[in-house]
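Engineer: Pulled from TrEMBL, these are the listed features:
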type	residues	note
ACT_SITE	C104	active site, proton donor
BINDING	P21, M22, V23, Q75, H174, A228, R229	FMN binding site
DOMAIN	19-282	domain 'DUS-like FMN-binding'
Amino acid sequence: CQVKDPMDLFDSGQVVKICAPMVRYSKLAFRTLVRKYSCDLCYTPMIVAADFVRSEKARDSEFTTNKGDHPLIVQFAAKEAQVLCDAARIVCPFADGIDLNCGCPQRWAMTEGYGACLINKPELVRDMVRHVRNQIDNPRFSVSIKIRIHEDLKRTVDLCQKAEANGVSWITIHGRYIEERHQPVHYDAIKTIKQSLSIPVVANGDIKTLKDAENVHHLTGADGIMVARGLLANPAMFAGYEETPLECIQDWVDIALEHGTPFTCFHHHLMYMMERITSKQEKKVFNVLSSTSAVLDYLKDHYGV
């Protein structure tokens with residue numbers, strides 16, 4: 001594997017364009033696609049570290065990569081420092097860094113002690129970061145965290161400063177509180193946190209176009225911009241396309257078939273990509289197609305893809 005140092009991206013002076021960890025979606029085939037369209041750094045979907053360490057089956061199904069899939073960050077859900085270290089050690093030869101999920105607001109994650117509930121346990125986050133730092137020999141291997149914010153922003157700043165003091169490489173901030181879903185993002189909070197740290201900060205939340213990414217960079221001073229749904233809807237977004245170009249749809253078909261992407265995933269990605277370029281009537285037909293060959297026939301007949 002051609003391991004790279006993600007920190008080189010942040011040192012370049014350009015805003016780093018990042019594909020977010022998305023359950024089911026940010027797998028190898030999709031990462032391959034967005035990398036063709038100016039995405040600098042990709043995350044895997046969130047992987048539960050304890051299962052990953054314990055089960056070979058989990059490792060095989062949750063984590064695939066290849067030579068072109070760099071720089072790559074593997075995101076883990078964890079609540080014990082040693083478990084996170086063990087998971088990091090397994091992926092270290094194949095990836096460029098790990099990220100600790102401290103932002104997932106889903107009820108199951110919070111109940112298990114994962115995700116966003118960790119923002120209320122700054123000492124635990126600090127210990128997990130420090131442990132990985134101490135146990136992974138490669139100094140170029142990054143250790144980052146992705147968080148949500150507290151309503152009392154001082155608590156978030158404190159969490160971030162503790163993580164920074166213990167060797168975290170950068171911090172991604174989803175600018176919403178745990179209970180917020182579709183409310184406006186608190187970009188002012190991201191700006192405040194950025195000003196209180198000397199490590200890179202990545203802004204995340206509601207970025208749908210390259211113009212949005214530029215605006216958020218100016219509003220917050222963030223060193224990187226992480227996008228989830230915006231890239232699902234338009235994987236060519238970072239290359240400046242307003243909507244998914246046909247060549248990107250063609251690329252997805254080629255890449256997905258080459259990777260043996262399961263039909264449901266292949267089809268769902270196309271539904272997202274074509275959301276803005278198909279009529280209601282077309283969606284009705286396209287969204288209920290039930291086989292790869294039916295989808296390929298439809299794309300060929302209607303779009304010449």
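Including glycine, each Cβ sits where the backbone N, Cα and C put it.
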Engineer: In the structure shown, with every protein chain counted, which of the recorded positions C104, A228 has the densest set of Cβ atoms within 10 angstroms of its Cβ?
Structural biologist: C104
Engineer: Taking the binding-site residues one at a time (H174, R229), which has its Cβ surrounded by the most other Cβ atoms within 10 Å?
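Structural biologist: The residue with the most neighbouring Cβ atoms within 10 Å is H174.
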Engineer: Residues with Cβ closer than 8 Å to the Cβ of M22 (FMN binding site), same chain and 6+ apart in sequence?
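Structural biologist: Counting only residues 6 or more apart in sequence, the Cβ neighbours of M22 (FMN binding site) under 8 Å are P45, A228, L232.
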Engineer: Quick check for the class: what is the C-alpha distance, in angstrom and rounded, between P21 (FMN binding site) and C104 (active site, proton donor)?
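Structural biologist: Between the Cα atoms of P21 (FMN binding site) and C104 (active site, proton donor), the distance comes to 10 Å.
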Engineer: Quick one: largest C-alpha distance among P21, M22, V23, Q75, H174, A228, R229, binding FMN per the record, in angstrom?
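Structural biologist: That value is 17 Å for the farthest Cα pair.
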Engineer: If you draw a 10 Å sphere around the Cβ of P21 (FMN binding site), how many other Cβ atoms fall inside it, taking every protein chain shown into account?
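Structural biologist: Other Cβ atoms within 10 Å of P21 (FMN binding site): 25.
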Engineer: Counting other Cβ atoms within 10 Å of each residue's Cβ, which of the binding-site residues V23, Q75 comes out lowest?
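Structural biologist: Comparing Cβ neighbour counts within 10 Å for the binding-site residues V23, Q75 gives V23.
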